[in-house]
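**Student:** I have a structure here, written as structure tokens, and I will follow up with some questions on it.
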Ligand code: ADP
């Protein structure tokens, strides 16, 4: 197995680059944002609970997203590896993920962190809000709240993985192909180290 965390603030391009990475490396894409939005679309109790937090730009409680990831790992025993997108977003989530992967005799191999300036993030998210249908992209207050949550709680996740020397920073501004090339180079390097 080869497991990647694609890390970065809201609007840094995780979703777009995830699609390209899973296609190239045959990984299973696990996006907690997408999983939560499907729960909301299906009006499940979990979705209804999560929506209250998401509408305000706040993080959904750890136990909710950890439970979702745990089920997704169990549901995909044949996967060649996972690409985690939007997860973990707190140190508690990172610790829980490490434990879950250990139970499956595997681990995170690399954390690819996309760096983008705050002003560029706001611009991209407002622009995405024009077509995405996501209400959390349509309101600048909610966008700024999400970036604040990222700085307050999620940035610490990179520090957590730095202790294990797993973090690589990538400039998340440039063309999609340029950024994908930088990400792929890192994945290729880490994969070669593994064998
Ligand atoms: P973005 O990164 O563009 O904000 P996501 O789709 O990853 O978009 O997340 C949308 C919202 O879903 C977040 O603002 C948060 O409320 C919730 N969410 C997603 N993943 C997590 C997570 N791992 N922990 C807590 N909340 C999450």
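We count from 1, first residue shown onward.
Every residue, even glycine, has its Cβ placed from backbone N, Cα and C.
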**Student:** Check TrEMBL: it lists 11, 12, 13, 14, 15, 16, 128 as binding ATP. Then name which of 67, 81, 174 it lists for that same site.
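**Tutor:** Candidate listed by TrEMBL for the same site: 174.
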**Student:** 124, 146: which one does TrEMBL list with 32, 37, 58, 59, 60, 86, 87, 88, 89, 93, 134 for the AMP site?
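**Tutor:** For AMP, TrEMBL names 32, 37, 58, 59, 60, 86, 87, 88, 89, 93, 134; of 124, 146, the listed one is 146.
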**Student:** DSSP-wise, what's the residue breakdown of the region 'NMP' (31-60) into helix, strand and coil?
**Tutor:** 21 helix, 1 strand, 8 coil
**Student:** Could you round the CA separation between residue 15 (ATP binding site) and residue 58 (AMP binding site) to a whole angstrom and send it over?
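**Tutor:** So the Cα of residue 58 (AMP binding site) lies 19 Å away from that of residue 15 (ATP binding site).
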**Student:** Can you give me the Cα-Cα distance between residue 58 (AMP binding site) and residue 11 (ATP binding site) in Å, rounded to a whole number?
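**Tutor:** Here the two Cα atoms are 15 Å apart.
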**Student:** Measuring Cβ to any atom of ligand 1 with a strict under-6 Å cutoff, which of the binding-site residues 15, 16, 134, 174 qualify?
**Tutor:** none
**Student:** Looking at ATP and its recorded binding residues 11, 12, 13, 14, 15, 16, 128, 174, figure out the farthest C-alpha pair and report it in angstrom, whole number.
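**Tutor:** So the binding residues stretch over 17 Å, Cα to Cα.
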